[in-house]
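The next block holds one structure in the form of structure tokens; read it before the comments.
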């Protein structure tokens, strides 16, 4: 029978690792670069005894209850076995000892060091030492002659020497190895070995072959090699009977030869191709334990019969077995687990009664797993009879053996076609998310956001413990496990357990409905004969079980059987959340290490529907599924074995988007994160760090870590890449709000508003960055993602940055957005009318059609009434207006406030482009000064104004009118009037404001040409001061060529003047226009009365939208705020 390769497991941290058996073969002993010696009862031992012997342990040897280790503190230490009690130091070197071995009876040890010395020390009396000098480089390895006459050593100087122990002389030296200056640089550690018992042969690994030297004559008796070996051999070991020789290479190949016949009897490949640095043969000759350079421990079983005999048949060639094993069809039994967590199904050996069991070799796939063979092509009438073919081959091979031949590949190749294509991947086994492998005695059956279910199955107890994170859901529970439950699920309503069938009992589904209001809280359902439950999950009010008969059975939480339907393939895993059922299954056979999985997503509400219809499930190359579930908010997610976390992107046609890679947070190659939950708000990936393993132990209780999400965007180190990643991550992680709203679930409006605000801030920052980089086309692309309010802000920013073409393009985009919004709202109204007619003859219960509209009905009605008043109030103001931006006009001729057109409380105008899904959405003020960053106004500021930024802070203090939701019909009218010029009455008001407040200068003043200003209104005190001091400003700043820069500098200097000086310039200006001032005061009195009435209406409307009522202001202040919305007091 071919050797069985058990899945490797973590033994030590990354680095050189050594292994040996105890005298009886009961224990496996390993040592590694973490300085620990671990004693394993078996490969499945979850709690090996650990002895710390130092900082690093390079080699270990065990005999007669003495454990000897070569440690990094340059010593050879002894511990008792298996107690692990220190028993002294045998010898010391000036540097690290690299290898230590016992002699045949365990009375002496030999050790080789990097100081070029070899020592033999008596174990009972360490003072009895012999030193061997002669190597010119660090010693790599040693081997004692079974008769204690010779000692063999290999060194970095390229030589292999045989020493006479009695007189400490060198008997022979062969220059076989590549020279190097240290052990870490050696291509091979050259672990040589004497043949047990007789010591007749010395085996030395050299390049890709084993050289065997005859005792005393020291001639090269013969070499052993194989085509399977593609890299240098690293280590050799003999079977205790001396008949077999095993070797491991630096790329993970393990080959076993029958030395008598020179035949290769086993070929095995390491799962991941790591270098084999430790080989130990079990004393009964049936098992080989091996370690790799990454600290992992593996085991080969059934290498040969306990008697040491094997079939005379040779291993079939690689060409033959690759073709045969491609058509393996027997996938019923379990011959091993995938990696560390029992995740992949390994096809079984075929049970045969003939003596050709070991004629079949194992198929090594790219994933590194065994693939066993069964009878092939038995029913094909054109096929060759397998028994006849083998008989013929055996006869030919036996004849060749007599002639001294080892292989006869041409004969085999002529009998079987050659196949060199992609190899099928073993199918992944069904698993329960949040569980650890079934073969463990103490394991997690499930760990999720509700609680933890542990299973204990040892000699003392076979029980299940259930613990809830929130004890208000239910208290902790202890359950007996007499039926040997293997899978479990947990929700806030019930505990669900399932077991496999046995010869006497059927597979059972056991539910403990602890949230039931009656006294009967348990129910059990037996599956039909020959049908096993493979995966289970819980939802809100329902239970699902997938079985080996490719059926999915649905139950109510109380135990009523519901629908049954066929699965599209063998189930891999399932998850439930609310009404959603998430199924992953095998949709075909994967090749070259890839799994071929499909996914179904169903909603099991009153109106059942299928969201994903068996779509392929994307996985990382050569990985398998490790976790399936939902986020706490109900979005499907999954994790593969390479640590990639993916989430369903509902906003992108239900595509899967990678949101995190846990491998980026792992410190070591063998470290992993075991996912237990995903939260979208706040954005948290909850997982357990596992040092050197893929899953955590039950004790001590693992600590949960929280990892951040990061989408794999390009150039994430740049500011642009960071903001792009943050924006799209915010979009993905808040798409669940739209799903909840669509399906009638409750959600917090503030969360949605905060998300929108966050996204718009990021878009504005990206737009500002693109604007600085002269990427105006990119700015328009970013503005297309913005809301109307943010587009208005972008228009203002573009105009103040003097990007005239960009501002024009953004204005056109704003008009398009307004028109699209109006059209969409009109369609929604028509659809709502249709729903009302459809539901008029039925009961008024909430359905999928009418439920989302009930939420904001009262709010919309009140806002529509306010909108009607607002439109009526502004009708006269827009009647005689003309286009603000004719084609011949330049942006420099237009005041920035008019271009922005965001708020003007003196006119009572509404923002035609402001869109808000609810009245609580915060409005973004764009009334910022020209000298300040436009982005600062997106956050509330409480900074005190200084002399230089007083103008900017006055705008921040001005009241911001909450936007209203207008009717669709009025939106088109508002959009058309957006670019209309103000009426003459508005112009008069602005003239009066300028007269009354000459010391206040806004961004409007700075954007107008001086000639136009003089024609429109009388000079202010600041203007008269500027005319007299213009020459001084230009002389101090000769680089000023723009009028705006002169005015800006003038404003700064004017504000530095004392109050008396500014008042004098103001009186001087008033004196120049005394006749005009009297008439202006009359006009101002009339306008103030009108605007006071309008402002009271505005305040009443605004208070409806305010979360808290503000204190009323006094009349004079109220008048000032309403009349001078964009001016500083």
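Glycine is treated like the rest: Cβ placed from N, Cα and C.
The DNA-binding region annotation in TrEMBL covers 1015-1084.
What TrEMBL records for 840-856 (among others) is compositional bias 'Polar residues'.
As annotated by TrEMBL, compositional bias 'Acidic residues' applies to 859-871.
TrEMBL lists 906-940 (among others) with the feature compositional bias 'Polar residues'.
Look at TrEMBL and you will find 971-983 (among others) tagged as compositional bias 'Polar residues'.
For the domain 'HMG box' (1015-1084), the model gives a mean pLDDT of 75. TrEMBL lists 1015-1084 with the feature domain 'HMG box'.
According to TrEMBL, the region 'Disordered' annotation covers 824-874 (among others).
Annotation source TrEMBL lists region 'Disordered' at 906-1019 (among others).
If you look up TrEMBL, you'll see 1064-1129 (among others) marked as region 'Disordered'.
Summarising the annotation, TrEMBL assigns repeat 'WD' to 9-41 (among others).
When Cβ-Cβ distances below 8 Å are used as the criterion, the repeat 'WD' (132-173) is approached by residues 98-105, 108, 110-120, 179-183, 185-186, 189-199, 202, 204, 215, 218 of the same chain, each at least six residues removed from its ends. Annotation source TrEMBL lists repeat 'WD' at 132-173 (among others).
Taking H, G and I as helix, E and B as strand and the rest as coil, DSSP gives the repeat 'WD' (236-267) the counts 0 helix, 20 strand, 12 coil. Residues or ranges marked as repeat 'WD' in TrEMBL: 236-267 (among others).
Counted with DSSP, the repeat 'WD' (132-173) comes out as 0 helix, 24 strand, 18 coil.
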